[in-house]
Amino acid sequence: QVPVAHCFGPPGHYKRKFCTVCRKSLESSAFRCEVCELHVHTDCILFACSDCRQCHQDGHQDHDTYHHHWREGNLSSSARCEVCKKTCGSSEVLSGMRCEWCGILAHAACYIIVTPECTFGRLRNMILPPSSVQLFSRNFSKLHCFRISENLQTETDEDDDVDGSTQGSAKDVQISTDSSKQTLKIFDGNDAVKRNQFRLISVPRIAKNEEVVEAALRAYYINDDQQEYELQTFTQQALLSDDVINRNDAAEDSNLGSVFRESIPEAWIIRAKPKDDEVIRIYPAWLKVGMAYVSLRVNKDSTIQTVIKEVLPLLGRQTECLQNFKLVEVLMGSKQVQRMVLDSQEMILNRLKDIRKTSIRQMNQTRFYIVENSKSIVRVNLFVGGLPPQLSAQEYTNILKDELAIKTNLVSVSHVYQAQGAVVLEISCFSEAERIYMLVKDTTVNDKPLNAMVIPEVLASKIPQNCCPLLVFVNPKSGGLKGRDLLYSFRKLLNPHQVFELTNGGPLPGFHTFSEVPSFRVLVCGGDGTVGWVLGALEEIRHKLVCSEPSVAILPLGTGNDLGRVLRWGAGYSGEDPYSILVSVDEADDVLMDRWTILLDAEEPAEGAENGIAEPEPPKIVQMNNYCGLGIDAELSLDFHHAREEEPGKFNSRFHNKGVYVKVGLQKISHTRNLHRDIKLQVDQHEVELPSIEGLIFINIPSWGSGADLWGSESDNRFEKPRIDDGLLEVVGVTGVVHMGQVQGGFRSGIRIAQGSYFRVTLLKPIPVQVDGEPWIQAPGQIIISAAGPKV
C-alpha cells in the first residue's frame, strides 16, 4: 500500500452515502474524492488518510505489480460477494468491500482470502495501466495532476479545516443540558491549540479519569491503549504566554489524579506519557511480498542510524552499505502526503515525542519508511496552449521568455504544435514548473489568454501487447449538462489520466498524451459538434501519432446527435450506467466513414470594411461529417444559435432546445421559394438544374435534424443506395419549413437532386449556411465540397 493523497473537489451533498471515518450517513455537506469512492464529512476529513488509488508512478515506491485497492462500503444493496456469493452491500450502513480497479466485491470477512493481484477486471483492455504513466508532481495539487477544472473552488483548505473541526464536533455532541453531564473541549496537541481546533466530548460529572481519557481518544479516532495517555489542563493565560508550547518537562508530568474538582477548566490537551522504550514499525519502500513492515524495539540510545542498521538484516539486505539508505517520515494526510528525510544522528524517541506533542492525530497518520538513496529525476511536462499559430520553436521560446521570463537552463520546448499554437514544455525544477503554471493563467498573448495543464508521460513500452487504452473526451457543456457526472464516473472506472475535459484546452492535450501509445481508441461524449471538433483535431495531428487511425466511439449528449444515431449509439444519453457504456464501446465494431472538406471562397469583400477600402476575405476551409445546408435549414439553425447565445442558462435540456427550434420554424412559414434563383450547382463537373426549393442540403449520413431520413428509403435506379463510406454525398432539396416538418415527422422525404463526389456551388447573394449544426451567413462566391483525406 503506497500513500497516495485524495483529490477533493468543493464540498457537495451526497445522498445515500456514508462517511468512511465516522461511518454515519452524509446528511450535511461532505467531500468526495474525484478518483476513488471515498466520501467523508467536512469535519472528518482531517482523520481520513491518504489511501487513494495509485494512478501513476511518481518516483516514490514505483512497482509494476498491482494489487486490489479495497474501499469499504457505499455499495448497492444488491451487491454480491465474490467469495461466498451472498449479498454484501447495504443502503443502511457502511458494509462490504470493493476493489476500485476491477470492481470485485466481497464481505469485510471474505476479502482477505481473495488473491491479492488485481487484473483490472472486465475493462482491463481499455484501462491505461497505472504502471505505464509517469508524473512527477510534488507541488501540484491532485486537481492539477488530473486536470480537473477548479471553477467551483473558492474556499481555501485552511478555513475549511478550522471551521470543520470545531463545528462538526459540536454537532456530534449536543451541549448537554443534563446537569449530571459536562462538556469539555479537547485538543490533541500544540498544533490544534495554535489553530484553535478542538473536539467536544460529553462526560458524566463524576467520571473517572480513565473514562475521560477514553472519551477524548475516541473523539480523535485513536484506538491505542488509554493507559499510554493522560489529559493535561491549560488556562488561557498559559496559552497567551506561549507556555504550553515551551513548557518544561517537569510540568508535563504533573499529577492529574483529582482533576475533576469544582473549578473545572474548560479545555484539556491529550498528551502521550513519556516512555523509555517502545516498538515502532518500519515499512520498506520497495515491494517485499508477504511483508508490509518490520517491528523494532527502540530505546533512549537509538538513533536513526542504529534503526537503519538493525532493520536492514530483517529485510534481507544486511550485506549492503548503510550509507545507501535513509529513513523517511511520511505524514499521510488525506489531501497531501508529506515526506521528510530524518537526520541519521537524531534520537528516534525524541522524534516520536515531538510528533505526539504536535498532534496525536498526526502521529496516528505517520509512518517511517526505509528508502534506498537514488538519484531523483525531476521532469514536469506542461502543455501550454493559446499561443499564436504557425511559429517556429525558437519564436515560441522567445514569446515565453518575454511573457513568463522562463529560465532556459531549466525549461525546454519538447513538442511544438504549430497549427494549433501550442507547445509542450519540459521543466527540470518543481518550483519553476509551479511558477510558470500559475503565471500562464493570467497571461494573454495577442489578446488571447494562454492556458496550461500538467500532463503525464505515457511509457508505451509498459503497455501490455493486447491492451488498447480508451482515450475519453467529455464536453461538460453538451446536452443537459450530463457531462459532469460522466466525467466523474469515467475517472472512477478507468485511469483518470485517460479522461480529458474538452472545455479545458480542447482535444489536443489528450492526443498529445497518447501520441506514443501503439494502439488506442477514442470515446467522445458530446453532441455532433463536439465529435466534429475531435475528428478535426485528429486530422491535424494524425501524422504525429504512432496509432494514426484510432477508431472513435460516440456517447451522444447533444440536441441532434445524428451521427450517434447512424452509428447506433442511440438518440441521446439518458443516464445509462457508465460501466455498461464502456462494455459496449469495448465490443463495438469498426466502420469507415467519409469526411468532406468545404472550401468557402467569397468573391465580394465582407461588408463593413474600413474606409470603404475592401479587402476580399481569405478562403475559409471547414470539415464536414454529417451534412451541410444552404437556405432555410441554416436560417433556422442560425436563429436558434442567436437565442442560445442570448440566454444560455435556459438551454440545458434537450426538450427545451427542440421546442425553440419549432418556435423559430413557425415564424418562417410564409417564406417564398426562390433559393434556386440565388445559387447554381455543379456536380462532378456537370451543371444540375435545381427545382423550386428553399433549402439545399448535402448529406453524408442517413440521419438529419435529429434522426429524420431526408433521402428516403424507396429505391431509385438513378442513384446508388447511400452508405457512409461510399465516397459519395447525396444532395436533397426542401421546399420550406412545412416540408421540413413533414420530413421530421416521417411523412415525406426530401426532393432527391443528385449524388456525387465533387461539388461546386455558386452563391449569387448572401445566404445562410450551416455545417454540422454550426451556422453563419456566407457572402456571395464559390463553395467547393470534396472528399477529405483518408476516411475515419
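Keep in mind that glycine also has a Cβ here, set from the backbone N, Cα and C atoms.
Just so it is clear, the model here is predicted, and its values are computed rather than measured.
Database features, via TrEMBL:
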- 5-52: domain 'Phorbol-ester/DAG-type' (DOMAIN)
- 67-118: domain 'Phorbol-ester/DAG-type' (DOMAIN)
- 276-375: domain 'Ras-associating' (DOMAIN)
- 465-602: domain 'DAGKc' (DOMAIN)
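Scored on C-beta pairs under 8 angstroms, the neighbour of the domain 'Phorbol-ester/DAG-type' (67-118) with the top count among 5-52, 276-375, 465-602 is 5-52. Residues in the domain 'Ras-associating' (276-375) partition by DSSP class (helix H, G, I; strand E, B; coil) as 30 helix, 37 strand, 33 coil. In terms of DSSP secondary structure, the domain 'DAGKc' (465-602) contains 55 helix, 26 strand, 57 coil.
For the domain 'Phorbol-ester/DAG-type' (5-52), the DSSP-based tally of helix, strand and coil residues reads 3 helix, 13 strand, 32 coil.
Summed and averaged per residue, pLDDT over the domain 'DAGKc' (465-602) gives 90.
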